[in-house]
Amino acid sequence: IGIGEFGEVCSGRLKMPGKREICVAIKTLKAGYTDKQRRDFLSEASIMGQFDHPNIIRLEGVVTKCKPVMIITEYMENGSLDAFLRKNDGRFTVIQLVGILRGIASGMKYLSDMSYVHRDLAARNILVNSNLVCKVSDFGMSRVLEEDPDAAYTTREITGTYQSQGGKIPIRWTAPEAITYRKFTSASDVWSYGIVMWEVMSYGERPYWDMSNQDVIKAIEEGYRLPPPMDCPVSLHQLMLDCWQKERAERPKFSQIVNMLDKLIRNPNSLKRTGGEIARPNTTLLEPSSPE
């Protein structure tokens with residue numbers, strides 16, 4: 001069903017003694033791996049195994065006694081959220097889209113309550129099951145908050161990405177302070193969540209379109225922000241802008257985001273008002289917000 005960082009991902013069936021057979025996803029570690037690769041591969045499972053939440057991908061187990069080494073998780077029929085949205089462009093109601101966003105926010109609230117920072121939150125790292133339930137996955141870059149933020153990082157100024165144990169840091173999803181000072185916190189996850197909101201409401205469009213990473217960094221620094229996707233309710237775009245506050249202390253907490261989305265779901269009329277529809281403005285991004 002896909003290729004992971006360490007090898008292929010297959011679907012299969014798991015039958016544990018005394019339990020019914022279930023569908024699972026099986027990540028394998030390709031042959032010829034180093035000790036460090038094996039540790040990195042299995043560290044994702046040890047992180048996942050600590051979580052128990054309906055919006056976090058569930059670890060079923062690992063196979064380490066024989067080769068290939070495997071990580072077994074629940075199977076998500078609809079695959080990654082970005083591809084799923086592109087395939088179903090325009091097919092969902094606003095309430096369904098907000099329901100998707102609420103699930104993701106709920107999973108992220110749980111992670112932040114557990115003092116976990118994901119660092120790589122993006123629609124491609126969210127999986128969708130047959131009931132449209134979304135679950136946060138891909139814990140290859142997650143860290144416990146207490147960890148020394150400098151440990152795994154070497155700066156790569158030229159490309160505008162950072163090298164980490166989990167690979168390169170995705171500039172267009174990452175908060176400015178995380179790019180510049182490697183300050184990864186739940187508040188930088190909130191910035192990424194705002195980008196995920198934009199991806200969901202635009203049905204999987206690429207954030208900042210064809211701009212280069214350097215141009216994205218510069219634009220954000222100058223105060224530009226992504227415009228509302230077509231037909232996006234004003235209240236949702238405002239929440240995105242809140243997530244993209246330059247000062248991380250001013251961004252909402254995931255608990256507040258969950259509450260706001262619940263409120264919108266309870267009052268569907270609050271989702272009626274959409275802005276003057278700009279699909280893709282010539283300026284590409286919103287004008288910098290003028291200082292009040």
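Cβ coordinates come from backbone N, Cα and C, glycine included.
For the recorded site, I3 (ATP binding site), the DSSP three-state label reads strand. According to Swiss-Prot, the ATP binding site annotation covers I1, G2, I3, G4, E5, F6, G7, E8, V9, K27, on the basis of sequence analysis.
Annotated domain 'Protein kinase' per Swiss-Prot: 1-265, in sequence order, evidence recorded as sequence analysis.
Swiss-Prot lists D120 with the feature active site, proton acceptor.
Feature annotation from Swiss-Prot assigns phosphotyrosine to Y153; the stated evidence is sequence analysis.
Annotated ATP site I1, G2, I3, G4, E5, F6, G7, E8, V9, K27; additional same-chain residues within 8 Å of its Cβ mean position, judged by their own Cβ, are T28.
In this view, the densest Cβ surroundings among the recorded positions E5, D120 belong to D120, judged by other Cβ atoms lying within 10 Å. Here the binding-site residues are I1, I3, V9; the one with the fewest Cβ atoms within 10 Å of its Cβ is I3. When pLDDT is averaged over the domain 'Protein kinase' (1-265), the result is 90. Within 10 Å of the C-beta atom of G7 (ATP binding site) sit 18 other C-beta atoms, taking all shown protein chains into account.
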